[in-house]
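The block underneath contains the structure these notes are about, expressed in structure tokens.
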Amino acid sequence: MTEIPAAPQRRLRVLAAMSGGVDSAVAAARAAEAGHDVTGVHLALSANPQSFRTGARGCCTIEDSRDARRAADVIGIPFYVWDLADRFREDVVDDFVAEYEAGRTPNPCLRCNEKIKFAALLDKALALGFDAVCTGHYAQVITDADGNRELHRASDMAKDQSYVLGVLDDRQLAHALFPLGDTVTTKDEIRAEAERRGLAVAKKPDSHDICFIADGDTQGFLASRLGKAEGDIVDEAGAKLGTHEGAYGYTIGQRKGLRIGTPAPDGKPRYVLDISPVNNTVTVGPVEALDVTALTALKPRWCGTAPAAAGTYTAQLRAHGGETRVHAELVDGTLNVTFDEPVRGVAPGQAIVLYDGTRVVGSATIATTERATAAA
Amino acid sequence: MAYLDHAATTPMLPEAVEAMTKQLTVVGNASSLHAAGRRARRTVEEARETLADALGARPSEVVLTSGGTEADNLAVKGLYWSRRAADPARTRILASPVEHHAVLDAVHWLGEHEGATVEYLPVDGYGRVHPEALREALVRNPDDVALATVMWANNEIGTVMPVRELADVAAEFGVPLHADAVQAFGQLPVDFAASGLAAMTVSGHKVGGPYGIGALLLGREYSPVPVLHGGGQERHVRSGTLDVPAVAAFAVAGRIAAERRAWFATEIGGLRDDLVAAVRAAAPDAILGGDPDPAGPGSLGRLPANAHFTFPGCEGDSLLLLLDAQGIECSTGSACTAGVAQPSHVLLATGTDPDLARGTLRFSLGHTSTRADVDAVAEAIGPAVERARSAGLS
């Protein structure tokens, strides 16, 4: 299997994933400009033919596919549409629903990068003779003098998307190209570059966070998949405060939309502290009860070799979250993490990504959390 | 570059380009009464006579349209509406399941919106409709059938239908039979009068004429309800100002295609045979789609320019990409939705396993095809199949 060598001068056969948005179009254009032999591919990820015909924003509308095609025309590269809808449904959408059903909060973008873009797509690309997959993610792959590959945050911290790439292992990184990662570029500048390159997607609005929920209504999407399952909303002592139509519709740390009639005794707002799919109950309580001091996380994936000993890192717990200092140790495949300062709103199912400076060390899926105060 | 997608569109003949170019600078609406109009009308009518002559039809039977899709829609919808208007009991449409989407989607639409009952005729493993199958469908209740439609030759796998026999059966029951002859024209002897068809579709850009022009050959006793209403320029069944340059060029291309048909069948058919042999030598497990018999006495065979293959374990898209990268232009021969390949309805109708049906390639030759094109495929196909197979079915 060919790997990207340290010298970037080599002309690579690159498969550019083009969503129809501005970032992936500019990324493909930059890869072509750098002298690589680039072929564009739009991933059809929705099996619902309606979504190819309706103009809804998000991924995989016929409009997105056409926008990607037009961008490829302008760049002057071949373009194809690949149907990965079955894989996407199995590996991302069904997993997303199952995770919510189990009371966890998944991140489908990480999952898609791990299972689709840098697995199904990458494997097919490599088999067809390509050297690398190129995307519009803002992150950097840096190869040091010894040829070791490292994934780093984007030069522009505000645009950084290394969190959703934290699941990639060394082999995947060896075949990843992120042409947008090494420049300090605001979105406006990327749009200006697209404009300068004659790409019509320059003015296209950004896509939604979850591409397969076109209208952004995650609750409605889950309800359509899982049906109604009425249950109780209780306080930390177990007293019933209200009812819900499906515990899956809640996320730890959520404050809005609880629809609890009785105010809290202290008059302060209440937050979702816990979701129990077994009892179908949602536990709410004061904000302090959200404070997490430690967590365990499973399925660790390392961007390189696994750390041999316990260490101190910074951690990111959600896509647009800040950094927090942690102490982490790998014990029998489980990552044990303690926080220097308690953090709020940590939900099982989310990914914790560990950083050493700007370098991504690895990631794992949060399984359990330890609260500062005893929650339910 | 090896262009092997002539069934999608074939280069315009120089003679057609010349005829078209000449007319582009001439003013005149063929419906106008003044000298310019009369000049345009004369050009159109001469072209109509030329096309009629090339197709074994009377000039009045040539209804010019914007192309094959419109002609198919006019035949299917128009005949359905007119036949049903004459007798409300006639709501059944008999169609082959391997039709082009211009027919298939039209009959499907009639089923969804116009109360039609669409019955798909059985086909054999080559995708061929047998006259007995049509008879069986008709004899069940001839009175409720509005029309039957069976293409002359299949655009994907190249199988030729027994048009004359099918038309005889339909005529026995007084039911009009339409045939989409878009692929057949120029490759097979297409004689409208001898065929016994009620209606027949042909297209300009498949025979070396321009895009956007076609014709429905329509028996004089049929008056389909128009799809396009307006000035009634074409026998009152088709409206729209005639595209004189395109009509003139279509006629030139159609005449030459008919004149060169025998040459085409021998020469291009010979290259096709070599291509088939080369692909089989490089990829021994490749399955030739459609009738393997290249035609001959007692056999209908296949279109002389068509070579359709299924490569087990390969994705047609992967093969397309790999060949395209080497300058070989062909097609997966399957329907597209926003560019997403679906298993071909034609292959599924022939009983092909859906997974297998994903690994298809159609090479279609044409008047500009050369030995070099065949050689390019012979060289590239083996490694491409090997590589596509390693990429597997995603």
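Glycine is treated like the rest: Cβ placed from N, Cα and C.
The active site, nucleophile feature in TrEMBL is assigned to A:CYS112. In the structure as shown, the Cβ atom of A:CYS112 (active site, nucleophile) sits within 10 Å of 29 other Cβ atoms.
Taken from TrEMBL, the feature active site, cysteine persulfide intermediate applies to A:CYS211. DSSP assigns A:CYS211 (active site, cysteine persulfide intermediate) to coil in the three-state reduction, placing it in neither a helix nor a strand.
If you look up TrEMBL, you'll see A:ALA17, A:MET18, A:SER19, A:GLY20, A:GLY21, A:VAL22, A:ASP23, A:SER24, A:LEU43, A:GLY136 marked as ATP binding site. Cβ neighbour count for A:LEU43 (ATP binding site) (all protein chains, 10 Å cutoff from its Cβ): 26.
Look at TrEMBL and you will find A:220-285 tagged as domain 'tRNA-specific 2-thiouridylase MnmA-like central'.
Annotation comment: TrEMBL describes A:293-366 as domain 'tRNA-specific 2-thiouridylase MnmA-like C-terminal'.
Annotation source TrEMBL lists site 'Interaction with tRNA' at A:HIS137 (among others). The secondary structure of A:HIS137 (site 'Interaction with tRNA'), as reduced to three states from DSSP, is coil rather than helix or strand. Residues within less than 8 Å, Cβ to Cβ, of A:HIS137 (site 'Interaction with tRNA') and separated from it by at least 6 positions along the same chain comprise A:ASP23, A:ASN113, A:GLN161, A:VAL164, A:LEU165, A:PHE178, A:LEU180, A:GLY181.
Within 10 Å of the C-beta of A:GLN350 (site 'Interaction with tRNA') there are 24 other C-beta atoms, taking all protein chains into account. The feature site 'Interaction with tRNA' is assigned by TrEMBL to A:GLN350 (among others).
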What subset of the binding-site residues A:ALA17, A:GLY21, A:LEU43 lies within 10 angstroms of A:CYS211 (active site, cysteine persulfide intermediate) at the C-alpha level?
-> none
Summarise the model confidence on the domain 'tRNA-specific 2-thiouridylase MnmA-like C-terminal' (A:293-366) as a single mean pLDDT, whole number.
-> 93
If one measures from the C-alpha of A:CYS112 (active site, nucleophile) to the C-alpha of A:LEU43 (ATP binding site), what distance in angstrom results, rounded to a whole number?
-> 12
Most crowded position, judged by CB atoms within 10 A, among A:ALA17, A:CYS211 as recorded positions | A:ALA17
Where does A:ALA17 (ATP binding site) sit in the DSSP three-state scheme?
-> strand
Return one of helix, strand or coil for A:CYS112 (active site, nucleophile), based on DSSP.
-> helix
Specify the count of other C-beta atoms within 10 Å of the C-beta of A:SER19 (ATP binding site).
-> 24
